[in-house]
Each structure stands twice: as C-alpha cells, then as structure tokens.
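Below: one structure, written as structure tokens.
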Amino acid sequence: MQWFGGNVATAIQISRKNKALLIVYITTDSEDGQIFDGFWQHIDSSNLLCAVVGIKLKAGETSAQQFADIYPTPILPAAYLIDQNGKPLEVITPLVGKTYDQFRAKFDKATAQFVNGMPTAAANQLSTPSPSPAPVQVPASTDAPIPAPTPVTAPIQSSSTSQEMTRELAEKVARAKALLEQKKQKDAEKKREADKHVKEEMTKAREAKQERDAEALVKAAKQRKMEKLAAESDKKRILAQIKADREAAQKKFGKLVNTENASENTEKKQETTVGKAVPSDRCRLQVRLPDGSTFVEEFPSNDVLNSLVEIIRQKPSIAGTTFEIQQPYPRRIFTNDDYSKTFLENQLTPSTALVVIQKSSGSSSNYGSFSLSTQTVSFVTWVLYPLTAFWNIFCGMIGWNSTGKQQDSKSKKNDGPSTSGQSGSQPQRRGMPRSAEVRRRGNVAGLENPNEDDPEERASFNGNSTQFM
C-alpha cells in the first residue's frame, strides 16, 4: 500500500476530486500496530476495485489528534474507510481484524460497498484497472501548492467484462455475507455453550456448598453430642471424687454415720448436751461480780466449790449480802448441795467462767431497818411533845415569841422564792405600763388599770383581740 505524503485535509480534497475511497490509517508502536502494518503491505492499490487515497498517521501527533476530534478513535491501531460523503464505511481494528483473512474481508466489503454506492458509469470507470497506475506524489511540505493528479484514462471494455466483474463482486459479497453469518452462528453457539457451562458450574458450586453445609451441621451436632457426653462424664467423675473424699474424711475422724438418721436426729434434738468434764489436776475459774469486776482463781480439782464461795464473801461489794453462783453456758445455778462437791464433780475443770448474782433479800432487809428507824423517831417525838409544849408556854410568859419569829422567817423564806419566781416567770413586756395587770382565764385575757376607774378599761379580749362582754 502506497500512502499519501500530505496532510488529512489535502487527502480529503484529492479523494473527492478523483472520486476515490479515502483510507485513514492510525498506527502505533505496539504489537497490534506492527501486525496491521504488515497487513497493509500485502494490499496492492493497483489491483483494487476502485481508486483509493490512503494516508498514514502516527498516534499522538497533531494530525492524528485533529482527526480524532472528528472521528473518535478509542481503539488503536485503526483504519477508517470513508466514502465521498464523509461517512465511514468500515472501521478495521484489532477486535475485528485480528488475522489477515478477517482484515482483507473487512477491506473488500468496504470497497464493494463504495463501488455499489456510486453511479454505474463512474463505477465502471473506476472498476476498470489501469495498465500502469501511478500513485499520486505530493511533497511533504504542506505549505507548497499541491498539483492536481493526472486523471487516469482506461480503455472501454466490453459489456461481458463488466458483467463478469459485477458477478465476481456479487459472489465476493455473498461469500463475505455467508462468512459473516457463519461467524455469527459460531459466536452464538460459543456463547450458548459458555452460558451453559457457567450454569453447570454454578449448579455444581451450589450443590457443593449445600453438601459442605450439611456436613458442617452433622459435624457440629456430633461435636455437641461429644461435648455433652464429656461434660456428663466429668460431672459423674467429680461427684464420685467428692463422695470418696467425704467418706475418707468421715472414716479418718470416726464420723461415718447414716445421712438420714443424722438428719432426723438433728431435727429432734433441740437441747444442747453438756459435755463431760475433762479430768485435770487444777481448775481455773474466772468469776464476774455484780459490779462488773472480774477476778481469776485457781484451785485443785479435788477442792470443793465452797472454797470459791468463801473468797467471794470476802469481796467488799458482796460483804453482808446474799448471792448465788451461776454458769452461763451450759446454763446452771449452783445450790448449797453443789457447794460441798468438788470442782471435778461440778464439771468445772479444767477452766470455766462463773457469774455472781445478788439476791433481792438484801433490799427487803434494808427496808425493814428503815421502817424500824422511823418507828423509833416517832416514839421519841411523842415522848418529847409535852416538853415542847411547856417550853412554848414559858417563852410566851417571858415575852419571847419564838413562834412568831419562826413564822416571820418562814414567810420571808416563802415570799422570797415566790417573788423571784414570779418576776422570773413574768418578765415585763415592752409597751405596757407597770401598773397594768393582766387577768387571764384560759384563752381570755383582761387588762385592768388600777389608777383609773373606767369600765372600758376593764374590757375583756379573747386571743383574737376581739372584745366581748
């Protein structure tokens, strides 16, 4: 393929002037660009159905960018086959022309479409090959004027030749259509096979997932069952270990008894049994007296309790009173019979705490002595009464008024506290005259002025300052 050396605008003008097919090829440095360059080298422009004007552009150049503004070129390399009206008849890219056969089929289809779209006379003229075609040479500089190409003259062929060419072109077109139809059918079949394969794969994947889920559920159920069995076995083992430890402990301390009998005995037994005394040589006692003081004494175990009683009687707070000795726990009150028993017999060994409690007989004896002293004083007063009478008569005869003095002193004593009490209990109120006297009867108070004898001044008022008769 021989390429035009000018720019795109000049190539368009020449193609329209010569009624030729315009080919714009945009190449790249990639592998696809090199393949397309090889395809164009196999095409002989002198052996085509119509005249062509081809221009080769480099991707990234200014001319290629200007052409891309009119005809977008998203995929490169690309070849645009454009008719006289500027309409692309075919766009050949690596997507549709990966092999030379595909590339040539697209190219032949575009040339045939270009020839069929032209008038018959022009088509016959263009379809007749020239004996010595000469490519149009244009200088590389775009500033120089481009001379018009020399028109190619071809001898007029016979009608049989034109019919053969038309028939050959129709056969090529039919063959190209058949190939395209076969290709479409093959592509559709491949697509159906691919869709079928995808559906089969999806079905297999779904079935495999369901199987995996079912296996996971079965495995989880088995795992839970095993865990449950393990937990039950551990529980039984722990209970058995606890039971064995309990039996061992009971055997060790001699307390292996029946559980049911022990519970029944525990419910029935409400009183605490008193343990037996521990035999010992000495008995240590802590005694608490009624005043709160305590003391500690130690006796031989074979000594009697009366020894402790004698020591308690010598205490100052107990001297001259009656008392009794009690044991707080277990609760016990010692009697006179217990005083003659030993500490061991009274179960007080080796040590015990005792409490001394005073009896109420001491208060009755004091009351009796108090009544006795009162009777004695009354008797003495009755005996001395005549002497007192004679003394008062003698003092009256002499002029000594002992009774009056006593009465005056008594009255002074009585007046003093009462006056002070009244003055203290009734302080003087602000705004009231000293001569005013208040008469109060319950919740009713009356004001009286001793200096004036006015009935209105003796008016009575209740607690709400309301006057009433």
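Keep in mind that glycine also has a Cβ here, set from the backbone N, Cα and C atoms.
Values in this document were obtained by computation on a predicted structure and should not be read as measured data.
What Swiss-Prot says about this protein:
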{"type": "COILED", "residues": "162-214", "note": "coiled coil"}
{"type": "COMPBIAS", "residues": "416-430", "note": "compositional bias 'Low complexity'"}
{"type": "DOMAIN", "residues": "278-356", "note": "domain 'UBX'"}
{"type": "INTRAMEM", "residues": "379-399", "note": "intramembrane segment"}
{"type": "REGION", "residues": "181-212", "note": "region 'Disordered'"}
{"type": "REGION", "residues": "404-469", "note": "region 'Disordered'"}
{"type": "TOPO_DOM", "residues": "1-378", "note": "topological domain 'Cytoplasmic'"}
{"type": "TOPO_DOM", "residues": "400-469", "note": "topological domain 'Cytoplasmic'"}
Same-chain residues near the intramembrane segment (379-399), Cβ under 8 Å, at least 6 residues beyond its ends: none
The coiled coil (162-214) [mean pLDDT, rounded to integer]: 87
What are the DSSP helix, strand and coil residue counts for the region 'Disordered' (181-212)? 32 helix, 0 strand, 0 coil
